[in-house]
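Right, one structure below, let's go through it.
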Amino acid sequence: MTESLTIRRPDDWHLHLRDGAMLEGVLPETARHFARAIIMPNLVPPVVTGDDAAAYRDRILAGLPDGMKFEPLMTLYLTEATDPADVVAAAKSGLIKAVKLYPAGATTNSASGVTDFDKVRGVLEAMAEIGLPLCTHGEVTTPEIDIFDREAVFIDRVLDPIRKSTPGLRVVMEHITTKNGVDYVKSQDDMGATITTHHLVINRNHILVGGIKPHYYCLPVAKREEHRVALVEAATSGKGPFFLGTDSAPHIDALKEHACGCAGCFTATNTLSVLAEVFEKADALDQLEAFTSLNGPAFYGLPVNDATVTLTKGDAVNYPAKIETGAGPVTVFDPGFPLHWSVA
Ligand SMILES: NC(=O)N[C@@H](CC(=O)O)C(=O)O
Ligand SMILES: [Zn+2]
Ligand SMILES: [Zn+2]
């Protein structure tokens, strides 16, 4: 008897689609399995105004292959010059579903991010008033802080102060990588956290032991095994605050396999197969749907998808080692173990 699992069609609550030829190349990889995704605004230049987001949304929809259905949920990139009125208008029209906070310099294309939080106070207060979530790249960027401690220090120095000074602001701690992140989110009311596919699989040894593996390098960087275990526990708990945000972040191989390699793992192609394997190993396949398809819509106040996907277990699944895009080849995340679940 083949084992199979049918779940509501998943959504991806943190996705990088890029633009131009890369967008065209990677979009089908997500649209094949996911109904919707929160689209990250860290283009060059970033998506900062409602007009930028509307134009980007049009480019995404134009890049969708015929016959594929997919709804991009747009976000704005918070800068110190962001106009609260523009944010409110873009949210009220239904165009944007969140605003993204990048501490300046934290990650790929984050140079226009925030340094002085007093300058964004007006925007955060307006967001609290209308219930628009703030998605945060949760790392401090002060050079004295060890890169493995950046997330924990962000919680103490940035996130908790924002929570306390802006009551009612709904916050998603994006791509959490530590037990500290898990514990903080659990301690809060009305907070969400996304967890990536790759952080459920790799720890820092995968990046560094036996030769440096640039395709496992992403930000926040993967931490010790005990943190990975805490993330698996959170994701497979089925509990409300934790939901899937793949952070699938394509970079061409030439820029990953480089003396100053870009941060980002490309997981769109095989995410569901990898997740099924992780949940099965944790004896929690029955919680997969909560993580991929229920908890995210609940946090964002959106309906769950009516459509479903069916995963079936069989012999090892074949997936491409890389996909070809008009921008160049992009290596697909290698979990380091065989995958047995495929999407029918
Ligand atoms: N996660 C990453 O390592 N990279 C992301 C940016 C981000 O989400 O921080 C990217 O845009 O490449
Ligand atoms: Zn990030
Ligand atoms: Zn990201």
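Quick reminder: no glycine exception, Cβ is built from N, Cα and C everywhere.
Annotated Zn(2+) 2 binding in TrEMBL involves HIS137, HIS175 plus, out of the candidates LYS97, LYS100, LYS119, LYS213, the residue LYS100. According to TrEMBL, HIS14, HIS16, LYS100 bind Zn(2+) 1; the candidate from ASP190, ASP247, ASP253, ASP283 that the record adds to this site is ASP247. The substrate site recorded in TrEMBL comprises HIS16, LEU17, ARG18, ASN42, HIS137, LEU219, ALA263 together with one of HIS198, HIS206, HIS251, namely HIS251. Residue pair LEU17 (substrate binding site) / HIS175 (Zn(2+) 2 binding site) shows a Cα separation of 16 Å. When the Cα positions of HIS16, LEU17, ARG18, ASN42, HIS137, LEU219, HIS251, ALA263 are compared pair by pair, the longest gap among these substrate-binding residues is 19 Å. Taking the C-alpha atom of ASP247 (Zn(2+) 1 binding site) as reference, the shortest distance to any of the binding-site residues ASN42, HIS137, HIS175 belongs to HIS175. Residues HIS137, taken from the binding-site residues HIS14, LYS100, HIS137, are distinguished by a CB atom under 6 angstroms from ligand 2.
Only HIS16, from the binding-site residues HIS14, HIS16, HIS175, place their Cα within 10 Å of the Cα belonging to ASN42 (substrate binding site). Rounded to a whole value, the Cα-Cα separation of HIS16 (Zn(2+) 1 binding site) and HIS251 (substrate binding site) is 10 Å.
A mean pLDDT of 97 is what the model gives for the domain 'Amidohydrolase-related' (12-303).
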